[in-house]
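Student: Quick one: this structure, given as structure tokens, is what I'll be asking you about.
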Amino acid sequence: MVFHKHEPITVCAKGLNYWIVKKTRQGEERTQIIHDVDLIVKPGQLLAIMGPSGSGKTTLMNLIAGRVTGGEREGSIYFNGKANAKNRKKFVSYVMQSDCLLEFLTVEETLRLNATLKLKHKKPEERMERVEKVIAELGLQKCRGTAVGGPMKKGISGGEKKRVSIATELLDDPALLCLDEPTSGLDAALAYDMLKLLVQLAKGGRTIICTVHQPRSQVFALFDQLLLLSRGRVVYQGPAVDADAYFDKHGYVCPAHFNPADFLLDILTETRASELGEKADNGSSKIAPAPLGDEEGNNDKATTEDGPDAQPDAPPDAPPPPAADNHALLPSGSKGRINITGAEIERFPELFHQCDLAKRIEDQVDKELDKRSEGGMTAAPPKKITLESVKQTLSGFWLEVRVLAKRTVLNSVRNPLKAMGDVSQNIFMGFILGAIFWQLGDSGLSDAQNRAGAIFFIAVNFAFATFSVMMTFAPERALLNRDTANGIHGVLSYFVAKDIGELLFVHFPPTCFCAIFYFMVGLRPGIVYFLKFLLISNITVFASFALMVSVAAASPSPDIGNIFIGMLMVILMLTSGYYLKDGDIPPWDTANGIHGVLSYFVAKDIGELLFVHFPPTCFCAIFYFMVGLRPGIVYFLKFLLISNITVFASFALMVSVAAASPSPDIGNIFIGMLMVILMLTSGYYLKDGDIPPWIAWIKYISYIRYSFFGIMVNEFEGNDRFQDDIDGGDGVLEFFDLEKQNFWTLCFILLGLGVGFRGVAFLCLQYLNRKQGLEL
């Protein structure tokens, strides 16, 4: 079987300009990123776009690939003479700088699943044949059965990951391949191998465009065509091997043994005025004679041949060199970069537009556009909606759902956080909570109160059961954005597949919890009541999962999502009817080696002081007076004091858990279970006498308990306002068994817990997880 190839593509741009538009109070603010760019890239060519950071490299390539949706654009991009082809996703593939791959899938599984999505209308044997060809073409035979790998699983190397990323985009054999910094993160040898691979792919008749930041000399030598950008303007375009000669002609000479790429980037990067001032008396040469630094691991050294004061020889037709005071010689021991002013850099685009090379490119573009009269790429006729086309669309949709669901299941079942973490957590919490609420009585109001507390905690537990979605959704979101941008599948098919694929992993752990907790607590006997309990529990988890996914999808990062979901959960709990009766809820609320571990630890505490304590202080200042707690500045200051001491202890506990955990995911699971236990032993849900003895000791380290007691004492001790059905504030304290508690003693206990938790955190930092992040 011969796989169908796309028609070879010649890419042209003529008069291309691009602005980003920001709305300000004064109106719209337009910033031009790309200025009047003409370019041409033909099949079989590899165009490297180079320039300093912020020069517009990625923006230009995104414009070519059709990935820019906002802003304003002027000029056109042509594909075989057709302007701004709307169907470019069919023949353009884009490889992002970061590798968006699922870490628990093998290389072969990744390619097979992507082949099914990209080649929906091919026969299965044709897809598999294409996968085998791509694996062979990119040299992935040895790692085809190895997991891709990531933070939780060791897998293939960085170079192999980049090859897999390219392989996924080659499955449908695109005519135009765009790559954003394909050598980023690779060592010198792997970067060279990567560019050799791209050259080979170009020789197969593809058009390849890539951005490159600062390649080593061996990599630069592989470039076919080069486009240099400075501040969004073209300063050179043509054969890469001729770039040195072009700038040499204008008086900017690359010294012998100097990396040409470093040289080109140096003359496009303005030297700071202070550096020019320091070196103004040293001479007038543009190039420093000092030894060069490493060139991506290459220790070659270079000097100018005629000594520090020699002026480079210029061709006879070259213009006179710029003024000497603009090119101060670098002193000995410098990094050996080129000295150049901003005014000189501003001249480069004008110099290029006046040269014969620019006119030749303009002529080539015009000649290519003249082919439009000969046909070029013709627009596809509008599709008629027929029964057959509807069937084909639905067939493609359900194929996407099936493949994406399979991908979700494979990646989840191998993820220890999902496969075992959630199940283990629910089983453990089932036994712990079941033991705490063991065989509750049913004889009076006190027993009913305990039973209501247990039932409320079940609902809260299920609400928090899907928190792991916030951590696992982030990498999938990046993958979703990449696949939908490349037209591989739609958002709806991903969403349906996500729901189907996660069904078992979302509902099985809470079901385990229910089966344990229900009978240990001694809830209402009877299989019918248990099944109804199981039903409503799983429906609760279903709703909770949907809420977590919606927050994760709306949040730009997991951190922001966690902050938002934390606030939302507090509001949902307060309006649940357990803490406040419906009549008491406000109407508006019902509607929405360099340093030591010790020095780091102390600095961390000091550095975080304002950020940890200022937000809760703001909360207290608002909450205290809006709720109408005990009037008086003294009571408010005491409330503020114990609240901040509570935060001091809570922060220490969180740091100790984070320091002890090998990963944030495991830390989140553990802190969730610990917080439930600390809340249950706080004295609010169960009285001390009702807490089972085997777990009662935890109340002594429950900072929630001491905080609750302290605020209660501050609010009710000696307060004579509560006289209707109880003997004042002291009567309230007696009802909660808090009449013997002392405010200042509770504050000191909280301070002690904060110091103790910090000691645990220090020991964990000193002795645990010491290899984490070292890539050993």
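Using N, Cα and C of the backbone, Cβ positions are placed for all residues, glycine too.
Got these off TrEMBL a minute ago, pasting:
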COMPBIAS  313-323  compositional bias 'Pro residues'
DOMAIN    16-256  domain 'ABC transporter'
REGION    276-335  region 'Disordered'
TRANSMEM  423-440  transmembrane segment
TRANSMEM  452-474  transmembrane segment
TRANSMEM  503-521  transmembrane segment
TRANSMEM  533-554  transmembrane segment
TRANSMEM  560-580  transmembrane segment
TRANSMEM  609-627  transmembrane segment
TRANSMEM  633-659  transmembrane segment
TRANSMEM  666-686  transmembrane segment
TRANSMEM  743-768  transmembrane segment
Student: Using Cβ distances below 8 Å and needing 3 or more such pairs, separated by at least 6 in sequence, tell me whether the transmembrane segment (423-440) contacts the transmembrane segment (743-768).
Tutor: no
Student: Flag the pair the transmembrane segment (666-686) / the transmembrane segment (743-768) as in contact if three or more Cβ pairs fall under 8 Å (sequence separation 6 or more).
Tutor: no
Student: Cβ under 8 Å, sequence separation of at least 6 from the ends of the transmembrane segment (633-659): give me the contacting residues as numbers and ranges.
Tutor: 604, 608, 612-613, 616-617, 620-621, 624-625, 667, 670-671, 674, 703-704, 706-707, 710-711, 714-715, 743, 746-747, 750-751, 753-758, 760-761, 764-765, 768-769
Student: Below 8 angstroms Cβ to Cβ, which residues of this chain, lying six or more residues outside the transmembrane segment (743-768), approach it?
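Tutor: That would be 597-598, 600-601, 605, 638, 641-642, 645-646, 648-649, 651-653, 655-656, 658-660, 701, 703, 706-707, 709-710, 713-714, 717.
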Student: I'd like to know the mean pLDDT over the domain 'ABC transporter' (16-256).
Tutor: 87
